[in-house]
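Visitor: Right, I'll just put the structure down here and ask away after.
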Amino acid sequence: MPSTNRAGSLKDPEIAELFFKEDPEKLFTDLREIGHGSFGAVYFARDVRTNEVVAIKKMSYSGKQSTEKWQDIIKEVKFLQRIKHPNSIEYKGCYLREHTAWLVMEYCLGSASDLLEVHKKPLQEVEIAAITHGALQGLAYLHSHTMIHRDIKAGNILLTEPGQVKLADFGSASMASPANSFVGTPYWMAPEVILAMDEGQYDGKVDVWSLGITCIELAERKPPLFNMNAMSALYHIAQNESPTLQSNEWSDYFRNFVDSCLQKIPQDRPTSEELLKHMFVLRERPETVLIDLIQRTKDAVRELDNLQYRKMKKLLFQEAHNGPAVEAQEEEEEQDHGVGRTGTVNSVGSNQSIPSMSISASSQSSSVNSLPDASDDKSELDMMEGDHTVMSNSSVIHLKPEEENYQEEGDPRTRASDPQSPPQVSRHKSHYRNREHFATIRTASLVTRQMQEHEQDSELREQMSGYKRMRRQHQKQLMTLENKLKAEMDEHRLRLDKDLETQRNNFAAEMEKLIKKHQAAMEKEAKVMANEEKKFQQHIQAQQKKELNSFLESQKREYKLRKEQLKEELNENQSTPKKEKQEWLSKQKENIQHFQAEEEANLLRRQRQYLELECRRFKRRMLLGRHNLEQDLVREELNKRQTQKDLEHAMLLRQHESMQELEFRHLNTIQKMRCELIRLQHQTELTNQLEYNKRRERELRRKHVMEVRQQPKSLKSKELQIKKQFQDTCKIQTRQYKALRNHLLETTPKSEHKAVLKRLKEEQTRKLAILAEQYDHSINEMLSTQALRLDEAQEAECQVLKMQLQQELELLNAYQSKIKMQAEAQHDRELRELEQRVSLRRALLEQKIEEEMLALQNERTERIRSLLERQAREIEAFDSESMRLGFSNMVLSNLSPEAFSHSYPGASSWSHNPTGGPGPHWGHPMGGTPQAWGHPMQGGPQPWGHPSGPMQGVPRGSSMGVRNSPQALRRTASGGRTEQGMSRSTSVTSQISNGSHMSYT
């Protein structure tokens, strides 16, 4: 366990700042225990620095559950530091000493429950309204700061001497709203607090419910169901209707206020701010109503304490002589007079720890502590200035006369115009008046009984404490499981997001690599085409040079042959003069040379035209080849994008299935845990109820045994009583006999006295015999009647107890059945909500996939359209340039024999598919004839003087010149079969099977 969580550890600076470093034993003196509870004890003390009276609550954080106790102390100190309001207890500081926290607070007179205890009757409606108004103001302050008190009751509503109402005991409070802890005092708990772990969270409206119960408590001296077992009261509150005021004497405003506070459904219950506008608290009432009530209570406390004091003095002096007794009586009267002036003090705090003390002395002792999250309820000791005689359990401390005069000068009724907001001057005066003494509205017997009940009710209190501890542990286990599953879910979600991000990054890298590869391929193709064009030109030029040389050789041979023929013709004709022959021969030579020169010029011109035409054709074929390559590369890129998108969508669907499976598994785990905790809770509740039943039966049997044991004494007492009555009767008869005898003796002659005496004696004997018979009959009848009455009374008590316990057990079973049904309904609701969330998430995912696929298809179509349009523009621009240069489009579109000529070295690289195979055609199925898109291709024009060539057998309709012909492009752009053929396959398998040369059909 971390050191910061260990009980008493101050290593955490934030925790260390909560406590003062001084030694509290040196700062506070005259400590006297004035209250006790399960948390520890409350003491009256005086601050040596200011001589001010304070209340100190000592809370130990050692022993069992030390860590929980320490956390509760820290929480309460933090809460007290945060609140500053006239209607909340003033916090003065906290000190640590020997594993005990000293919580120092202002000192108040007592609680509203003390008023009920002292007066033994309900409060008046105007008094209840004043107390409720002050409590509501404090609650409105807490609720406005998202805090919940969670233990509102009369014992936690304190009063000061100026009549100010203050909320106390924040040990159960929550600094966050909403909350879901099972805390508070059973009889005052709201239904949503009892069902907190089963049905969810609650907010500050639980304090409004508790305030309504407190109003009934002030109006009827005890809260509803107080005569019921505390555990049974919980079950009753959770499933039965809200309580109401029983008496008809209360006003409609009060009834409506209580009914509003006790609305079973929290949403129908008003807030504390809304209740401050209710007519019940806004009605006009005397400003001194609480001051007068406090003064009457103090007077009553003084009378009760003086009565106890006189009883004690009577016991002390009952054996003394008359003289000392008279002196003691006189002294008692003088002291009574002094007490009447100065008053008494029995300072104790509110009795939050033992609710039975906040009711009456005769109320049952089965009430339990109000516990906070980890320990029992703490009572904030209330106490301030006031009366001047301090009573401990066995002594009375009198004050000096000058203190009495100072008390009279500082009478709060002469300086407190507003009981809710006393001025600072009165506070300053009360501070000095409060230096030497403190006042109270509680009797000494109440303090003593509080301590005794705390010791006697330990078993019941421990049972409730254990039950609340179990509920907190169950809630902690459930929260721990939920946090664990939430962390697992977050980790799983992060892992899935990371996998998806990794895949997307890999896809982006692959696509970037592919684009770079395509760019390199285009650059390489451009270089190859430039080299091919250069080689093509060189090849044609070489052929033309060879043809020219051959032509020149042929001309030389022809010239030589013609020259020889001419010479032979001249030689045959001997008649022609030699000179003429020479001239004719020269002229013929010149003609031959001129003709040959013209033929040579014509050949050179034809060769130049052929070279220009073939180069232009070659460039067009290169352009078409580049377009085909671009189409192949774009097709490969789009197919790659399609494959990646399909793989990404497949991963998203797998992740959705994985998240769905994990969510259902987590929900099942939480629901199983909740069912198990409910089972354990119900088992504990049943065990506690059975133990309570056994304890009640055991107590009743013990009571009956004591009655049986006490019966002989009772019978003896009855017999003595009858005997005394008989003796009295005998004495009366004896006196009557004597009076009658004297009368007869006086009225009868003396001679008859003997007979008269004998007759009277016989009559007396007969009457005494009858009286003796009556005495025996009375004794026997009394014995039989008493035994029968005892048996009948005990049997009736047993029957009543059995019926009561059976009703409580049935109430528990009904409560547990309701909890199980609510849990099942909650589980079904959670399952339906999860299914709806999963279905919605799946629908959104599928919609997203569909939108992405549609966007990808649109992008694909747009890319293809823009590519074809650009290529069509390039072809059109090229053809326009060709027309300007004097080339016919028909001639350029028809393939020359050299289109597939491989006769020159290295001429094969430009005409093959750069991607490794014949790519598919854009706009027609694979294997389909391109004749559907272009005109039949005829062989190229025969070269001059070369009717046959190596490219004479070129197949008609070759795709080289068709795929990007203007006619095909125009058909594609105008929406021919190409658009239907561009529909892509959505299957990853079809793409992979077709590879990068996938058909767009």
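Cβ atoms here come from the backbone N, Cα and C positions, even for glycine.
So Swiss-Prot says this about it:
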- SER9: phosphoserine (MOD_RES)
- ILE34, GLY35, HIS36, GLY37, SER38, PHE39, GLY40, ALA41, VAL42, LYS57: ATP binding site (BINDING)
- ASP151: active site, proton acceptor (ACT_SITE)
- 324-380: region 'Disordered' (REGION)
- 350-370: compositional bias 'Low complexity' (COMPBIAS)
- 404-433: region 'Disordered' (REGION)
- SER421: phosphoserine (MOD_RES)
- SER445: phosphoserine (MOD_RES)
- 458-651: coiled coil (COILED)
- 567-587: region 'Disordered' (REGION)
- 577-587: compositional bias 'Basic and acidic residues' (COMPBIAS)
- 754-877: coiled coil (COILED)
- 905-1001: region 'Disordered' (REGION)
- 921-930: compositional bias 'Low complexity' (COMPBIAS)
- SER965: phosphoserine (MOD_RES)
Visitor: Name the secondary structure element type, per DSSP in three states, that contains SER445 (phosphoserine).
Guide: helix
Visitor: Restricting the comparison to the recorded positions SER9, ASP151, SER445, which residue's C-alpha is spatially nearest the C-alpha of HIS36 (ATP binding site)?
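Guide: Of the recorded positions SER9, ASP151, SER445, SER445 has its Cα closest to that of HIS36 (ATP binding site).
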Visitor: Check the Cα-Cα distances from SER9 (phosphoserine) to the recorded positions ILE34, GLY40, VAL42, ASP151 and tell me which is shortest.
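Guide: Ranked by Cα distance from SER9 (phosphoserine), first place goes to GLY40.
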Visitor: Nearest to SER445 (phosphoserine) by Cα, among ILE34, VAL42, ASP151 (recorded positions)?
Guide: ILE34
Visitor: If one measures from the C-alpha of GLY40 (ATP binding site) to the C-alpha of ASP151 (active site, proton acceptor), what distance in angstrom results, rounded to a whole number?
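Guide: A Cα-Cα distance of 18 Å.
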Visitor: Provide, as an integer number of angstrom, the distance between the C-alpha atoms of ILE34 (ATP binding site) and the residue listed as 'active site, proton acceptor'.
Guide: 22
Visitor: Do you know the mean pLDDT across the coiled coil (754-877)?
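Guide: Mean pLDDT across the coiled coil (754-877) comes out at 88.
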Visitor: Just to be sure I understand the packing, how many Cβ atoms besides its own are within 10 Å of the Cβ of GLY40 (ATP binding site)?
Guide: 22
Visitor: Looking only at the region 'Disordered' (567-587), what are its DSSP counts of helix, strand and coil residues?
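Guide: Looking at the region 'Disordered' (567-587) with DSSP, the answer is 16 helix, 0 strand, 5 coil.
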Visitor: Provide the number of Cβ atoms within 10 Å of the Cβ of VAL42 (ATP binding site), excluding the reference atom itself.
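Guide: Cβ-Cβ neighbours of VAL42 (ATP binding site) within 10 Å number 29.
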Visitor: Across all chains shown, how many C-beta atoms besides its own are within 10 angstroms of the C-beta of the residue listed as 'active site, proton acceptor'?
Guide: 28
Visitor: Within 10 Å of the Cβ of HIS36 (ATP binding site), how many other Cβ atoms can you find? Include all protein chains, please.
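Guide: The answer is 22 other Cβ atoms.
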